[in-house]
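The annotation 3-phosphoshikimate binding site is assigned in Swiss-Prot to LYS22, SER23, ARG27, SER170, SER171, GLN172, SER198, ASP314, ASN337, LYS341. Marked as phosphoenolpyruvate binding site by Swiss-Prot on the basis of sequence analysis: LYS22, GLY96, ARG124, GLN172, ARG345, ARG387, LYS412. Taken from Swiss-Prot, the feature active site, proton acceptor applies to ASP314.
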Amino acid sequence: MESLTLQPINLINGEVNLPGSKSVSNRALLLAALAQGTTRLTNLLDSDDIRHMLNALQQLGVQYQLSADKTECTVEGLGQPFSVKDFTCLYLGNAGTAMRPLAAALCLGQGEFELTGEPRMKERPIGHLVDALRSAGADITYLENEHYPPLKIKGTGLDGGEVSIDGSISSQFLTAFLMAAPLAKSDTTILIKGDLVSKPYIDITLNIMAQFGVQVENQNYQKFIVPAGQVYQSPGEFLVEGDASSASYFLAAGAIKGGEVKVTGIGKNSIQGDIQFADALEAMGAEIEWGEDYIIARHRQLNAIDMDFNHIPDAAMTIATAALFAPGTTSIRNVYNWRVKETDRLHAMATELRKLGAEVEEGDDYITITSPTQLKHVAIDTYDDHRMAMCFSLVALSDTAVTINDPKCTSKTFPDYFTKLEQLSR
């Protein structure tokens with residue numbers, strides 16, 4: 001297995017222009033494909049997850065032109081749901097942002113489809129979404145294990161009506177249903193069962209739907225009303241914001257070992273909830289400056305915090321490694337959905353932090369980290385999870401080197417992450 005050893009970094013300073021957001025890129029690509037008109041997307045993320053979505057759209061008859069650097073894509077909208085004559089098998093790797101929304105969208109049109117992916121995708125639950133889609137008239141069959149991909153979908157249209165979705169495991173189930181609902185046969189009312197996790201990701205979905213001309217009534221995240229008969233209309237141009245989850249590593253680095261680090265491509269008006277990571281860093285003691293299209297983090301002594309991170313679970317992972325630099329015990333609470341991500345992130349994070357010498361308690365939906373006085377040089381296993389690799393790169397901001405196993409797993413969202421980190425390192 002390939003590995004990368006990062007030597008201790010004395011100072012972090014400089015500016016990073018962020019790659020496009022994964023969450024925004026795949027939502028916008030899907031809506032551009034369904035929309036009337038042609039959409040030019042700029043600052044598109046070039047990564048594995050986006051490639052899986054683009055390949056799927058191509059198989060579904062969508063025509064697009066991708067620039068040489070793959071960050072600009074012009075999509076010819078179909079102006080209607082996907083319909084294919086022949087049985088179509090779509091391979092989606094481990095891209096939840098492709099699997100879940102496509103599962104809902106393919107119910108709308110005509111044709112028979114199989115949705116599958118790599119082994120980890122077959123361990124990531126999709127039952128709550130399938131239950132909701134079936135209650136709206138969808139014809140979906142599990143091909144292997146109940147409640148998990150791969151799926152067989154027979155497109156017959158969605159009826160609409162009143163539907164319940166369990167929101168406690170993943171907000172992507174609700175996102176998927178919301179994006180399909182305007183094209184259902186009648187108005188859809190979606191009722192949320194349980195506590196909805198990752199609410200800011202629903203805000204991203206509703207914001208992008210609005211940019212494509214579709215309105216949804218959101219009643220306090222407990223009830224969503226989507227009128228039928230709406231049509232997605234291309235906005236013409238669509239700028240993909242920088243990825244706020246990816247910003248977290250650089251902002252944390254600035255807080256731990258700045259100088260200062262400026263990330264551009266997101267700012268105080270971003271539609272991504274993960275910019276609230278900067279507030280968590282500020283709570284730990286970092287100095288944060290907000291601009292229209294940038295955020296700056298400057299070094300200050302960090303302190304341990306105890307916080308609920310249900311709203312920003314992805315960025316909360318970065319707090320777990322930043323906690324190594326904050327004397328005391330940091331508690332990251334209400335993050336059960338770490339367990340159903342690219343890997344079981346609670347278990348993976350606890351295991352690797354302990355290797356470094358931290359004292360860790362792993363609960364069902366929380367983790368506490370007591371920072372050690374001295375970090376050990378160890379090889380970090382990354383579990384084929386891009387965020388594990390990027391989070392643990394921060395260990396090099398100590399006086400100890402760190403070895404990252406399988407560093408190329410960052411290709412899921414940020415293929416040149418380690419190059420960018422090196423450019424800021426002194």
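Using N, Cα and C of the backbone, Cβ positions are placed for all residues, glycine too.
Overlay of Swiss-Prot feature records on the structure.
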residue	record	contacts (Cβ under 8 Å, 6+ apart)
LYS22	3-phosphoshikimate binding site	LEU45, SER47, ASP49, ILE50, THR97, ASP243, SER245, LYS412, THR413
ARG27	3-phosphoshikimate binding site	THR97, PRO101, THR175, MET179, ILE204, THR205, ILE208
GLY96	phosphoenolpyruvate binding site	MET121, ARG124, SER170, GLN172
SER198	3-phosphoshikimate binding site	SER170, SER171, GLY273, ASN310, HIS311, ILE312, PRO313, ASN337
ASP314	active site, proton acceptor	SER245, SER248, ASP274, LYS341, ARG387
ARG345	phosphoenolpyruvate binding site	MET317, VAL335, TRP338, ARG339, ASP385, ARG387, MET388
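For SER171 (3-phosphoshikimate binding site), other Cβ atoms within 10 Å of its Cβ number 25. Residues listed for 3-phosphoshikimate, LYS22, SER23, ARG27, SER170, SER171, GLN172, SER198, ASP314, ASN337, LYS341, cover a largest CA to CA span of 20 Å. ARG387 (phosphoenolpyruvate binding site) falls within a helix when secondary structure is assigned with DSSP. Neighbour counts were taken as the number of other C-beta atoms within 10 angstroms of each residue's C-beta; across the binding-site residues GLN172, ASN337, the minimum falls on ASN337. Of all the binding-site residues given, namely ARG124, ARG387, the one with the smallest number of surrounding CB atoms inside 10 A is ARG124.
Other C-beta atoms found within 10 angstroms of the C-beta of LYS412 (phosphoenolpyruvate binding site) number 23, with every protein chain shown included. In this structure, SER198 (3-phosphoshikimate binding site) belongs to neither helix nor strand by DSSP; it is coil.
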